[in-house]
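Accompanying notes for the structure given below.
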Amino acid sequence: MKAATGCLTEHAAWLARLALNGERRLLVISGRADWCERQAGAWFGPDGLWLGPGPDACAPQPLGHISRLLGREYRVLVYNAHGGFHPQAFGALLGTARAGGLVLLLCPPLALWPARGDPDLARHVALPEQAEGLYSLFLQRLVRLLQEDPEVLFHCEGGPAPAPRLPPPRPWRCRPDRHGCLNPGQRHALAVLLAATRRRRPVLLTADRGRGKSALLGRLAARLARRGLSLALTAPSPATAARALEHAAGGLGFIAPDALLATTPPLDVLLVDEAAAIPVPMLLALAQRYCCVFATTEHGYEGTGLGFQLKFRPALARLAPERRQARLEEPARWSRHDPLEPLVFRLLALDADPPSPPPAGRLRFTLPEPAGLAGDETLLRQVFGLLALAHYQTNPDDLRRLLDAPGHRLLLAWRGPVPVAAAWLVREGELAPALGREIRQGRRRPRGHLLPQSLAFHGGLEAACGFSYQRVTRIVVHPGVQRQGLGGQLLAEVVRRADTDFVGASFGASPELLAFWQQQGFRAVRLGLTADGVSGLHAAMVLRPLSERARAVLPGWRAQFAADLAFFARGPLAGWLRRHPGLRLLPPLADPHRDARLAAEFAHGHRDLAADRPLLARLAGHRLGQARLSIAERALLTDLLDPGADTVTLARAHGLAGQKAAIRALRRLVGLLLADPQ
């Protein structure tokens, strides 16, 4: 092994030219793990970060620490993929490479890597043993794209060391001005934002990743706060808002979108980061209440520029014709000639956009094999761009899941040469009886299998694990051809092709979406008790039976759901049910034997209070009168089983140490109820 920083010295002129130009490079080091680590150690220096397995001298960091490492920039980055290739971590890591920096990707021999059983595949299967021997189409595509890029350097075990080509000089400077702006584009955008807020006009700020959009929002907030204005920042999540808050110098607070609409605090200006990831109705409601600065990423998984453009922009134009807009074009932290940024965009499909669809025409349907998607870059980018329109939480791991996860398929609807709608399907269920029993008891939670696991654990329906399901995880229609019935036609095709007991889905239940699924013959079997912080919607789980045995059991499941819902209608779901009068329910009917069995498992096991509160309340209603409990115990039991109970508050009121102590006490009291002869 060369002395530390030996390669940095040997290639000093090349690295100096990269720094002068504000460019970065990727070096792929492939071979045996120990050999790769020795080669990387020769490049590694004091201003470096090593992610994944590595020598102690390099202070390697586990993948799980990536989020706390993103606030800095590094001259040398090492990603050791011998420990698994995590797409989201890799993409985030490359964003921390400073101008003039070098990224080292350590991996098995390139020809063998896709078949090596990548450790990261364990995150995409239900049971770890299912990842053994799984071939990775994602890695096959990754290797091909790396080898096609002329700016990527390779050092393969048994081959020559890389001899990097000296790029021509293209001097680049990145010095903030007195307002913190890094380039003329940022200065212009800041001036537009300040002028618009001064005139109380809404303004749109758009940018690709890495343009300094969130930092610019923070600097805007600092300027506005110095003028004495009251401000707040909203975003899809607190994590999304972190960069803007960091640059606001303390003059800004975060409020979730649903909380803003519920409380409507008085504000002079509201900043909205990653607006494309917030539902359009919520954005318009905010625009009606506040002077808003809407900022969004147009490429990358933070949001979808196309959906934002086609849905929100026209609606805002009608609402506020005097709106203003600005766009950040130039990268903030590296040169526009940097080859690493477009490479990352290609590898992770960050800039995937669906093509414009024909306005009319007959539909045809295809179910492409994952291998076909991995080998057809044009098709993959078309369909993945389409999928990104459907869900604000799309991330690079979804690309890997689409290509590598067993049981995941895409059903596409086409008009001519263009895919205009897609349904992401996942096969679930048919779990072993022993596993189903452990799921019901709360002892096991394998990855995936959302529908049967939720029915077994939350609904206590262990038998649900034995059925097969085709779950629709996402269904999306291109915004340019919506309101033409394409979603219904696509879902009908899903049902027609399914060879399972059920087709089902879980989604944020707006009145429109709930009506859509019910019109297609699906019926609700579960409703989430808490609303999503971004959309403000409760998750609904729906099923449509296809087999005879599925049709036989579903009425009982629905009647049990109706009985539990009748309980929650007096508490956390009262408002939801008033807003959704069209929910189709069967008459409520609870099984007392099931209630007693699940209550015993709650008392002596791991079942969840939120899920079991209805059946525990029914049990207490039958048994509390004759139970040998003290007045204090009766009061605690009654309070904790109220539909609107707040366990933390009640624990304090009853002198208990906290929520866990309250639940332990309730388990004991339920055990006493069950032990009393009736």
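Using N, Cα and C of the backbone, Cβ positions are placed for all residues, glycine too.
Curation does not apply to TrEMBL; its annotations are automatic.
Annotated features in TrEMBL:
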| type | residues | note |
| --- | --- | --- |
| BINDING | Gln186, Arg333 | ATP binding site |
| DOMAIN | 370-544 | domain 'N-acetyltransferase' |
| BINDING | Glu512 | acetyl-CoA binding site |
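DSSP gives Arg333 (ATP binding site) a coil state; it is part of no helix or strand. Each of the binding-site residues Gln186, Glu512 was assessed for Cβ neighbours inside 10 Å, and the highest tally belongs to Gln186. Spacing of Glu512 (acetyl-CoA binding site) relative to Gln186 (ATP binding site) is 40 Å (Cα to Cα, whole number).
In the structure as shown, the Cβ atom of Arg333 (ATP binding site) sits within 10 Å of 20 other Cβ atoms. The average pLDDT computed for the domain 'N-acetyltransferase' (370-544) is 92.
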